[in-house]
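Visitor: There's a structure below that I have some questions on.
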Amino acid sequence: MKEFILELKTRNETLFYFGAICLFFALVCFILSKTTNTQVYQVNAYLKPLKFAFSTFLFSWAMAWYCYYLQGFNVGLFNVLVIFLMSFEIIYIAIMASKGSTSHFNTSTPFYALMFSLMAVAATLVTLYTAYVGILFFTQSFPDLPSYYVWAIRFSLIIFVIFSFQGFAMGARMSHSVGLENDNSNLFILGWSKTVGDLRVAHFIGMHALQILPVLSYYVLKNTKATIFISSLYLILAIYSFVTALHGKSIFHNPFK
């Protein structure tokens, strides 16, 4: 782990520190979730900024690692965009959590409606830039990297982009639930609904392909065909989770009943 941390810092010191700050902020939010009673949608308000900060930490470190392989990539511009836009999202979500109010789907005032729209713009810009990174991974060659590892990165970027944009399905409904409005559960931190469809499940699975598939391919599969097969199954799982949620069924329901 120490070697990984040092190498990551060497590859992209800026995103390394930004990710570390996000991780620290996620820890602060976790502590607040255990020491405060402020709730939004029947769960502690600080769980939302916790999840966003932790996801941003994972995204930042993953992209810091992958972008190092690209030739002629303007990593400085990418760093600035990610830090500025994701900081905006996390800070606003945390501020609204401290007020016991929701950041997403909140159009109760013109200002809140504007901020909700700006968060969508921020997420879109980061996703589009990530899609561009994905294109570069398909158009450049990487003779010094194992083929299976490169394909894992490619698949992970594709799936990430698809299910990042899947977030618009929640925005269009003004709810992450299908069957009840913004239903939550006591499922540890995640809070996915156990009774109705929850669009956050597919969003989570798809976006974290960015970390799961390359690590799985590099350390376990070590084979191009196996990587493509498992990545395809992973994509099917994410799609299944999305379709299941659209039908108003929890990911925990018995599909054979």
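Every residue gets a Cβ built from N, Cα and C, even glycine.
Take a look at what TrEMBL says about it:
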- 15-32: transmembrane segment (TRANSMEM)
- 52-71: transmembrane segment (TRANSMEM)
- 77-98: transmembrane segment (TRANSMEM)
- 110-136: transmembrane segment (TRANSMEM)
- 148-169: transmembrane segment (TRANSMEM)
- 201-221: transmembrane segment (TRANSMEM)
- 227-247: transmembrane segment (TRANSMEM)
Visitor: Does the transmembrane segment (15-32) come near the transmembrane segment (148-169), with 3+ Cβ pairs under 8 Å (pairs 6 or more apart)?
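Guide: No, the stretches stay apart by this measure.
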Visitor: Output the single range from 52-71, 77-98, 148-169, 227-247 maximising the number of Cβ pairs under 8 Å to the transmembrane segment (201-221).
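Guide: Selected stretch: 148-169, with the most Cβ pairs under 8 Å.
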Visitor: State the residues, same chain only, that lie 6 or more residues beyond the ends of the transmembrane segment (52-71) and have a CB under 8 A from a CB inside it; answer 'none' if no residue qualifies.
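Guide: The answer is 8, 11-12, 15-16, 18-20, 22-23, 25-26, 29, 78, 82, 86, 89-90, 93, 130, 133, 136-137, 140, 142, 145, 153, 157, 207-208, 210-211, 214.
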Visitor: Do any residues of this chain, six or more beyond the ends of the transmembrane segment (148-169), have a C-beta under 8 angstroms from a C-beta of it, and if so which?
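Guide: For the transmembrane segment (148-169), the nonlocal Cβ contacts are 66, 69, 120, 123-124, 126-127, 130-131, 133-134, 137-138, 142, 199, 202-203, 205-207, 209-214, 216-218, 221-224, 226-228, 231-232, 234-235, 238, 242, 246.
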Visitor: Determine which residues of the chain contact the transmembrane segment (77-98) at the Cβ level, with the cut-off under 8 Å and only residues 6 or more beyond its ends counted.
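Guide: Sequence-remote neighbours of the transmembrane segment (77-98) are 12, 14-15, 18, 22, 25, 29, 38, 40, 45-46, 48-49, 52-53, 56, 59-60, 63, 67, 104, 106, 115, 118-119, 122-123, 125-126, 129, 133.
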Visitor: Where else in the chain does the transmembrane segment (110-136) make close Cβ contacts, counting only residues six or more beyond its ends and a cut-off under 8 Å?
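Guide: Long-range Cβ neighbours of the transmembrane segment (110-136): 63, 66-67, 70, 73, 78, 81-82, 85-86, 88-89, 92, 103-104, 154, 157-158, 160-161, 164-165, 167-168, 171.
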Visitor: Please give the sequence-distant neighbours of the transmembrane segment (227-247): residues at least 6 beyond its ends with Cβ less than 8 Å from one of its Cβ atoms.
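Guide: Hits for the transmembrane segment (227-247): 148-149, 151-152, 155-156, 159, 162-163, 166, 169, 178, 197-199, 201-202, 205-206, 209, 212-213, 216-217, 221, 253, 255.
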